[in-house]
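K.L.:
OK, TrEMBL features for this one:
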DOMAIN    159-209  domain 'Inner membrane component'
DOMAIN    383-502  domain 'Sodium/calcium exchanger membrane region'
DOMAIN    606-748  domain 'Sodium/calcium exchanger membrane region'
TRANSMEM  162-185  transmembrane segment
TRANSMEM  267-297  transmembrane segment
TRANSMEM  347-371  transmembrane segment
TRANSMEM  383-400  transmembrane segment
TRANSMEM  412-433  transmembrane segment
TRANSMEM  453-475  transmembrane segment
TRANSMEM  487-507  transmembrane segment
TRANSMEM  606-625  transmembrane segment
TRANSMEM  637-657  transmembrane segment
TRANSMEM  678-697  transmembrane segment
TRANSMEM  703-724  transmembrane segment
TRANSMEM  731-751  transmembrane segment
Amino acid sequence: DVPKAPEPRGDSDGPRRGSLCDRHCAAINNVQGDLGELGCHLHRPRVPTGRSAMGWAGHGVPGGSCTLCHPLISPAAMCPPSCCQQHSDEVCESCMVKTTLTAENAVEANKLSNNYKFGFKKWKSHVTARPWEDRSEIVKELYSDLNVIRGSGGSTVTCGNILYLLLFGWWLSLLYVLVGATMFVTVVGAPYGQLCWDLAGYFLWPFGKVIQKVEVPKSRRTPGACEGGAEAGGAGESSALLGGPVPQRWQPRCWADAGYWQRAGAVAWLCLGYPVLALAHGLVCVTAWLLIVLIPVAKLSARTTARVLLLPPERVLIRRLRMTEVPLEGEVILCCYRALNPYYYKYAVDGINVFAVNLLPLVLVTLVLGYVDSHNHLTSSPVKFTLALLSIMPLSYYIGMAIASISAQSNFAVGAVVNATFGSITELTFYITALIKGSREGNRCYAEIVKSALTGTLVGCVLFVPGLCMVIGGIRHQEQRFNSRSAGVSSALLFLSVGGVFAPTLFSKVYGKLICGECHNVTQNPLGHYLCHNCHFDLMDNNGTLYYSHVQPLVYTVSLLLPAAYLIGLFFTLKTHSHIYDIHISDCHMPGHHHSAVVHWSRWRALVILLLSTLCMSACADLATEHISPILTNSTISQYFIGVTVLAMVPELPEIVNGIQFALQNNLSLSIEIGNCIAVQVCMLQIPILVLFTIFYPTNFTLVFSDLHVYASMFSVVLMNYIFMDGKCDYFQGTVLVMVYFILLAVYFFAPSPSGC
């Protein structure tokens, strides 16, 4: 590869990509001598450790911008292992589709390489602070304060600004007028009244206007006789900073001395005017922040409350910027052009996406309502169940980010233990609390709901997650390729796990005794046809001989073999055959790309957040199972449908978002691996753990599923393997997977409720 000058790019919050061949062929004749000066030494370890690396190759990963040449099976293939300087022609002829993935620092490189390790949680967001110079201008604007005067940016009459006027501007301006009138009534607060009237016009339409902090001339700061405002500001008084007269508001001179804030006007303002306006701006700030796209309005209100309203009136200047006006020299406090910015979905606070930040108070509300209002005096059970279920989403996000942060800053062993321990904690917490509640109440319906949720997670991650990623990614990319060999490993494990999980069910169908609840003779002939309802295979006939002597030992055997197969898969993909993922690390760096890692969460902080999130997750799961009973008994919708949709897919929403972001970056391999990894963990880890739990805490959970669960799961796995066979896909194949998933949901919707519910 050859050195590459930095290029401006949109902020994707992910690896940077570019065509190796295009860059190589374009610059090979100009910079051949530079490669020898760089002295790059490439290393290809089987499993990366992320030591001093600045880059990696998931499909082929460079260090910094220095590219590692290595053949790939995946579509984002690298060049053959040869010096690019010597084999430039062969490189460009043999590598038709090549991408380069880079990381800013060693920690980020380790996180990115963990994404390609089997059994590790795939995480899209950065765990370290991105270099400011690498961010796009759009993202830089998101984090900038509203104190920058820009050139002519077009008309300020936009849909977002009009929305501000309708939502906040008119009543905020009216409030300033009323507060200003109140301050004039106090007499001593007249200067603040004039300020409020000026701000009333500003907040009615603040766009294209500027609020500045100006210096008061010494002549006005000198204590003297108290004179009227008209006499206080003579014709010769002006501001050297602004080159123009200081705003003249009615104010006695003696109030502008060093002890200004001890004067009566300030007291009247802090007692009567400021609290009302601060409360109003606080309401605007919270509302705009929750709407996300209106975060500029939230910044506007926060800055007004913290700075503008606490300044002496004579130091506040409000001006309208003209098209030809030179930027002012005074300190700019506020300057806003747009109330709405759709790119604020990228905004993050300390590395946490703004959506997760906004949903965090929902967790507190859920816990307070759930445990304080235990008798449903304030809210009903369906409302509490909905709140508990929604609270699981941000907690899943925090758990995922904590796992990714710890894994990126630790060695392989620690990362593997953390991922294996907490990778499925979200689902297991809900399943175990549901089984405990069902056991205490003697209600078999909870066990059936858990089975439906397990099947829904399996089917959704096999069909819906990759299908949706294919459809959304196919909108931007005509055809997407992925590493078919690595996907084949997950597919093989899926076949093995599905066969093992449903083996006790098939065994019971063969040897069980069919028992029907109601049978009616249709033809009124004793030898005619009978119509039977509520039929199932009885495993407890003859005092449960079949179940306890044959089915239960088979369940325990399968529960031991599946985790063993999972460990073998880990050893195969991470140790002996890690080359199928083509994870490589280069130790060479390009000039200008040496960035020290500034992690958002340290290991200890991530561990504390992980434990607290897990504890809150347990509480929310307990509340969800506590208040799901009225929904199951009073709802006309099948309990199967509730289990395979709401309970199965809501906890996986952060994973779905990660998969979509990977697909938009033409990295479909990770999108597919997200779904496959979750499905494999459901069968090979979660179900054996539930079986192990029932040994120590007897519940109604048995590893015998309904026919609908068996057929839906097996058909989904077969279809998924057929689609992924050739290593490439488009939006049409993704549409097929999504449509099949919705067809199965329709089947579950119209299916009768399971026995015992």
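Using the three backbone atoms N, Cα and C, a Cβ is placed for every residue, glycine included.
Keep in mind it's a predicted model, so treat the numbers as computed, not measured.
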K.L.:
Go through the chain and flag residues at least 6 beyond the ends of the transmembrane segment (347-371) whose CB is under 8 A from any CB in it; none is fine as an answer.
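P.N.:
That would be 125-127, 129, 142-143, 289-290, 292, 295, 378-379, 384, 387-388, 390-391, 393-395, 397-398, 401, 600-601, 616, 619-620, 623, 626-627.
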K.L.:
With helix taken as DSSP H, G or I, strand as E or B and everything else coil, how many residues of the domain 'Sodium/calcium exchanger membrane region' (383-502) land in each class?
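P.N.:
In the domain 'Sodium/calcium exchanger membrane region' (383-502), the DSSP-based counts are 104 helix, 2 strand, 14 coil.
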K.L.:
Is the transmembrane segment (678-697) packed against any residues at least 6 beyond its ends, judged by a Cβ distance under 8 Å, and which are they?
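P.N.:
119, 420, 423-424, 427-428, 431-432, 435-436, 439, 450, 454, 457-458, 461-462, 465, 490, 493-494, 497-498, 500-501, 555-556, 558-560, 562-563, 565-566, 569, 652, 655, 703.
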K.L.:
Tally the residues of the domain 'Inner membrane component' (159-209) by DSSP class, grouping H, G and I as helix, E and B as strand, and everything else as coil.
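P.N.:
Reading the DSSP string over the domain 'Inner membrane component' (159-209) gives 42 helix, 2 strand, 7 coil.
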K.L.:
Against which stretches of its own chain does the transmembrane segment (162-185) lie, if we need a Cβ under 8 Å and a gap of at least six residues from its ends?
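P.N.:
Contacts of the transmembrane segment (162-185) (Cβ under 8 Å, skipping residues fewer than 6 from its ends): 192-197, 199-201, 203-206, 268-269, 272-273, 276-277, 280-281, 284, 287-288, 294, 297, 339-340.
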K.L.:
Answer yes if the transmembrane segment (383-400) and the transmembrane segment (487-507) have at least three CB pairs under 8 Å among residue pairs 6 or more apart in sequence, and no otherwise.
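P.N.:
Between the transmembrane segment (383-400) and the transmembrane segment (487-507), contact is absent.
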K.L.:
Tell me whether the transmembrane segment (637-657) sits in contact with the transmembrane segment (731-751), defined here as at least 3 Cβ pairs under 8 Å among residues 6 or more apart in sequence.
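P.N.:
In this chain the transmembrane segment (637-657) contacts the transmembrane segment (731-751) - 3 or more Cβ pairs sit under 8 Å.
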K.L.:
How many of the residues that make up the domain 'Sodium/calcium exchanger membrane region' (606-748) does DSSP mark as helix, as strand and as coil?
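P.N.:
Its residues fall into 117 helix, 2 strand, 24 coil.
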